[in-house]
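Quick look at what TrEMBL annotates:
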type: DOMAIN; residues: 24-59; note: domain 'EF-hand'
type: DOMAIN; residues: 89-124; note: domain 'EF-hand'
type: DOMAIN; residues: 125-160; note: domain 'EF-hand'
type: REPEAT; residues: 195-281; note: repeat 'Solcar'
type: REPEAT; residues: 291-376; note: repeat 'Solcar'
type: REPEAT; residues: 387-475; note: repeat 'Solcar'
Amino acid sequence: MGAKWTWFPWAHCQDRKSPGPDQEREKRWAELFDQLDLNKDGHIDILELRTGLAGRGLIRGSLERMVAAGDTNKDGVLDFEEFTEYLRTHEKELKLMFRSLDRNNDGQIDAAEIQHSLHNIGVDISLEDATRILQRMDKDGTMTIDWNEWRDYFLFNPLTNMEDIARYWKHSMMLDIGEQLTVPDEFSEEEKKSGYVWRQLLAGAMAGSVSRTGTAPLDRLKVFRQVHGAIDFKGNVLSSFQYMLKEGGPWSLWRGNGINVLKIAPEIAIKFTAYEQIKNVMRSRNETRNLRIHERFVAGSLAGATAQTAIYPMEVLKTRLTLRKTGQYSGIADCAKQILQREGVTAFYKGYVPNLLSIVPYAGVDLAVYETLKFAWLNRNRGLTDPGVMVLVGCGAVSSTCGQLASYPLALIRTRMQAQASVKGAPKPSMLALLHNIVTQDGVAGLYRGISPNLLKVVPAVSMSYVVYEYTRIVLGVDIEGGL
């Protein structure tokens with residue numbers, strides 16, 4: 001519906017030297033109010049705003065905030081006087097923001113000024129990223145933003161600071177599809193000092209716990225098929241599922257889930273802390289320098305390797321507990337004790353090398369796909385402010401899934417090596433020997449054994465993770481406006 005309207009040019013009349021600009025503005029506002037008042041009752045409610053402004057790509061919650069700010073008589077709707085007074089007040093706030101950005105007072109905002117303003121509030125972005133932000137507002141192609149373009153773009157977004165703009169495309173949605181956690185890229189200094197960061201990380205840990213528990217049966221099915229090759233177990237996915245049910249009953253489908261949930265919190269904390277420290281080292285003496293994409297990839301990979309090294313014994317325990325037969329272990333502590341007694345400390349790092357190697361393709365493909373999808377959306381929707389929830393969740397889910405596919409053969413070999421000693425008397429080949437055996441016996445397809453249940457759990461895992469993440473952030477008081 002929004003695409004058919006031509007009401008935005010009204011904004012350009014305000015600053016022209018034509019008779020009665022205020023009267024002309026009021027006339028345009030009246031026309032806009034009439035268009036939004038779908039039932040013609042003299043009031044605009046939230047449903048009419050959502051319908052009338054659909055497709056504008058507004059920040060989540062912005063319409064609710066707009067009604068709350070403009071509804072002076074608290075009747076839940078906006079009449080014409082409230083509507084126009086809100087727009088008048090909001091324009092004044094936007095004008096102040098525009099002037100604070102326009103450092104050289106030339107009536108235009110360029111990419112360097114956007115970059116500088118965000119740096120002042122502790123959000124460092126590259127000049128290229130600042131240019132992309134500018135291009136989304138620059139309708140006349142001058143590579144600068146004038147007052148009219150600025151006002152048109154943010155008229156129905158009740159922004160009060162520049163930080164909201166920076167958050168649109170920060171990769172800060174903590175999605176957990178059960179393999180590798182996505183930890184946010186950047187936080188401002190203000191967010192770090194206020195405790196915002198750790199509340200958001202806690203929300204991510206809670207979301208991961210719920211999503212992993214909800215998809216645990218599929219995860220156990222994946223591990224079972226990874227370890228038992230086509231020769232050992234010739235059945236299909238359904239027969240594997242039936243075998244697990246028959247051997248241990250319904251509750252056996254959640255074996256290994258306890259340790260899988262327990263390792264979330266330390267992994268998040270270590271990965272985030274390591275990422276921050278590695279970034280500081282890479283910046284060297286220039287603490288304000290922005291990391292380029294390849295530097296972020298290196299920093300993310302090293303942070304992931306650090307976290308995996310620290311929690312890897314828990315990964316081994318998770319695999320052993322997932323594959324255990326009924327009565328084999330009484331719990332996590334008993335499993336660890338038996339491994340230590342029978343195999344020694346080194347057993348807790350079986351499969352560590354392929355696990356470490358898998359981090360690079362996972363992180364590289366994840367980042368590359370996410371950036372590609374992000375910029376593809378931006379190029380096709382240059383007039384929209386916020387990509388919206390589904391776009392961001394979709395980009396994160398697709399990029400993480402592609403990362404999994406790229407690293408899956410190494411993940412399979414890691415799981416086989418972790419499980420080697422769980423089968424008494426079984427040979428314990430090296431990583432390369434194991435790779436050769438799998439390809440020889442099962443073909444190249446054998447490297448992707450168990451991939452189907454792994455892919456099946458992506459949608460429910462992402463859905464549960466997102467819902468719990470958002471509700472937990474609300475409970476913890478983390479502002480969810482303006483960015484995922």
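Using N, Cα and C of the backbone, Cβ positions are placed for all residues, glycine too.
For the repeat 'Solcar' (195-281), the mean pLDDT of the prediction comes to 84.
Per DSSP, the domain 'EF-hand' (24-59) is made up of 20 helix, 2 strand, 14 coil.
Counting residues per DSSP class in helix, strand and coil order gives 72 helix, 0 strand, 15 coil for the repeat 'Solcar' (195-281).
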